[in-house]
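Annotated domain 'Homeobox' per TrEMBL: 27-71, in sequence order. According to TrEMBL, the DNA-binding region annotation covers 29-72. Residues or ranges marked as domain 'TLC' in TrEMBL: 74-275. According to TrEMBL, the feature transmembrane segment maps to 83-103, 123-142, 207-226, 246-267. Positions annotated as region 'Disordered' by TrEMBL: 282-327. The compositional bias 'Polar residues' feature in TrEMBL is assigned to 301-315.
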Amino acid sequence: RFIAKPCAINLGIQDSGPHRAQPNAILEKVFTSITKSPDGKRLEGLSKQLDWDVRKIQRWFRHRRNQDKPTTLTKFCESMWRFTFYLSIFFYGIRFLWTAPWFWDTRQCWYNYPFQPLTSRLYYYYILELAFYWSLMFSQFTDIKRKDFLIMFVHHLATIGLITFSYMNNMVRVGTLVLCLHDASDFLLEAAKLANYAKYQRLCDAFFMLFGVVFIVTRLGIYPFWILNTTLFESWELIGPYPSWWLFNGLLVTLQVLHVIWSYLIIRTASKALVRGKVSKDDRSDVESSSEEEDVTSNSTKGILSTSSNGSNRLNGHVAGSQWTGE
């Protein structure tokens, strides 16, 4: 409110929403009381009742569904908050882990386990991360619903479960490695969204491409060959198959499956960008646009995270029109 909003206003971001639907009491009653997406039979009935073309009614419902979406200003403020958190917690983690012996030798995660001291810095690192992911869990139900809602829900559950479980079992050393690794790419995506909202398209595309590279390297390279290697094999070798070994590694493998799915989406988006010379719509977008609107905007420039008047965009996100909407 006091930092992100003034920054957005200085960048020329307006607090304006998407195109609003034409006021109509009959259609509004159907929308609020019966259905937000009427089928063909109901559309025909409404067409006869209102003497409107079916396509016009479809467009009205589309605009009505979209008009409650957050504005570009709201999305900018949200992304700036997340960017600030991800960047701060990542550098905090790197600074803390740089002097930790298990950062350089993962076998140190299991020496003398479970009798390993819990330092104050390690404690606060865990509590901050846990609080943040709980906030994401709750806000997911109030944010715009995305196509990857279930995947994100599973991700948040697995993350919260891992943080809590590893803390209760004093597996905090390997836990810090997992947390730091996941924070390495998140702030780059938020930076791309901020650039997109401010209409710095080249900067946005550069940040997104950098995000994609870091994401794939960390989640498909370092994570399985560094983290999973120590939790699956080194821990088995040094302390044996303890009872919680199966649950702990099951959650970690679940995260790896999600990493593969997201990496596929990133690669597909990036490949389309290379063909077109700019990044296109996020395939997980849920905000709709009519064919007429697509015709009007077909000649306009759209980048990887290009936004419309409702301004949302994010890889974990939604789209307004043929553009991204927002994480």
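Cβ atoms are placed via backbone N, Cα and C, with glycine included.
Sequence-distant contacts of the transmembrane segment (123-142) (same chain, at least 6 residues past either end, Cβ-Cβ under 8 Å): 85, 89, 92-93, 96, 149, 152-153, 156-157, 159-160, 163-164, 167, 172, 175-176, 179. Sequence-distant contacts of the transmembrane segment (246-267) (same chain, six or more residues past either end, CB-CB distance under 8 Å): 151, 154-155, 158-159, 161-162, 165-166, 169, 171, 178, 211-212, 215-216, 219-220, 223-224, 227-228, 231-232, 282-284, 315. Each residue in the domain 'Homeobox' (27-71) has a pLDDT score, and their mean in this model is 80. Across the DNA-binding region (29-72), DSSP classifies residues as 30 helix, 0 strand, 14 coil.
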